[in-house]
Amino acid sequence: MSDNSQKKVIVGMSGGVDSSVSAYLLKQQGYQVEGLFMKNWEEDDNSEYCTAAEDLADAQAVCDKLGIHLHTINFAAEYWDNVFEYFLAEYKAGRTPNPDILCNKEIKFKAFLEFADEVLEADYIAMGHYVRRTFPANGEKPQMLRGLDGNKDQSYFLYTLSHDQVARSLFPVGELEKPEVRRIAEEQGLITAKKKDSTGICFIGERKFTDFLSRYLPAQPGNIETPEGEIVGQHQGLMYHTLGQRKGLHIGGRKGGGGNEEPWFVAEKDLKRNVLIAVQGQEHPLLKSEGLVASQLHWVDREPIREVMKCSVKTRYRQQDIACTIIPIDDDNIKVIFDEAQIAVTPGQSAVFYQGDVCLGGGIIEKRIPYTQA
């Protein structure tokens, strides 16, 4: 194994178990390890939801235990400008963005990496993400791979990274399964060993999503209609709903045409009329897509795809990827045809592509290609 003692690694310490164990493993591997805690959101002073102070205290306790220095940095301005305003604009436009992907792109692997580089003189940065990377010795560029723990794999959230960013990054827990990570934390007496995983979007925390969104985007009530135009309910705003959604429509139990008692699902958003289109039954043709068109493409090797290509795709995080064909439209747009029709393909979300375990990159879903029955 190469001598790591001359290499300095700055670990993004979140106050969670994954970054805690990452720091421990890197120290075991002989690196010079320091921590950096990011504050990305200026919460209300009396907010019951904010865990930033608790997270910082946990990160500090772990660093003290491991004997490493912890730096802190406030990226709240960068987060607001580059992540949150985009998030709001997308919701306003009736789309469903994924702020975690943007946070990785703009904050963790840009602002954080630049600060670690320029101020802390790091050789590498490290994060507690469940992904792996290759370490080619022959001048080839490193690839990003899915995490070993298929249930926790986070490559979907990191598809915007380039080969250069991957080369500067280490992902120690990507080589482990989650129970093993918790076991190591417990063995080492780390305070975060039993801390539960954070859920929800980082700036919302555990609070109700609709309550949070309504602080920034006023409610715009409208009708819920069937594809035939029958009014079956009311909504408080299109931004509170996503395609394929079942919960929260408040029209459950109402019989549809012909005595149909199947649950209702969001099939479309009619922005011009401020109408939510709902259908009954998860197999309804309007819920299905044959493919999608994606833009804002990021390929890990930064080379546009110019020929038809077979690979697999995920259109949401917790989804088994499915076989597909990419058909380039131009360098910035692609058409993707699924081998089998998919449910709830959602504009604003990301489509992420794979060859086996290798993450190729991805893009933002602009529109879905409707299902046409044979």
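Glycine too: its Cβ is placed from the backbone N, Cα and C atoms.
Annotation note: Cys103 (active site, nucleophile) sits in a helical segment as assigned by DSSP. The feature active site, nucleophile is assigned by TrEMBL to Cys103.
The feature active site, cysteine persulfide intermediate is assigned by TrEMBL to Cys202.
Under the heading ATP binding site, TrEMBL lists Gly12, Met13, Ser14, Gly15, Gly16, Val17, Asp18, Ser19, Met38, Gly128. Taking all protein chains in view, 25 other C-beta atoms sit within 10 angstroms of the C-beta of Gly12 (ATP binding site). When secondary structure is read from DSSP and collapsed to three states, Gly12 (ATP binding site) falls in the strand class.
Residues or ranges marked as domain 'tRNA-specific 2-thiouridylase MnmA-like central' by TrEMBL: 211-277.
Residues annotated as domain 'tRNA-specific 2-thiouridylase MnmA-like C-terminal' in TrEMBL: 290-365. Looking just at the domain 'tRNA-specific 2-thiouridylase MnmA-like C-terminal' (290-365), the mean pLDDT is 96.
The site 'Interaction with tRNA' annotation in TrEMBL covers His129 (among others). The DSSP secondary structure for His129 (site 'Interaction with tRNA') is coil.
The annotation site 'Interaction with tRNA' is assigned in TrEMBL to Gln349 (among others). Within the same chain, residues at least six positions away from Gln349 (site 'Interaction with tRNA') with a Cβ under 8 Å of its Cβ are Thr96, Pro97, Asn98, Thr315, Arg316, Ile364, Ile365. Following the DSSP three-state reduction, the secondary structure of Gln349 (site 'Interaction with tRNA') is coil.
The shortest Cα-Cα distance from His129 (site 'Interaction with tRNA') to any of the recorded positions (Gly12, Ser14, Gly16, Asp18, Cys103) is found for Asp18.
The Cβ of Gly16 (ATP binding site) lies under 8 Å from the Cβ of Asp55, Asp58, Gly128, Thr192, Lys195, Asp197, Ser198, each on the same chain and at least six residues away in sequence.
Less than 8 angstroms from the CB of Ser14 (ATP binding site) sit Phe37, Met38, Asp55, Ala59, Gly128, Ser198, each of them six or more residues away in the same chain. Taking the C-alpha positions, the distance from Asp18 (ATP binding site) to Cys103 (active site, nucleophile) comes to 18 Å. With DSSP classes pooled into helix, strand and coil, the tally for the domain 'tRNA-specific 2-thiouridylase MnmA-like central' (211-277) is 10 helix, 19 strand, 38 coil. Residue pair Cys103 (active site, nucleophile) / Gly12 (ATP binding site) shows a Cα separation of 13 Å.
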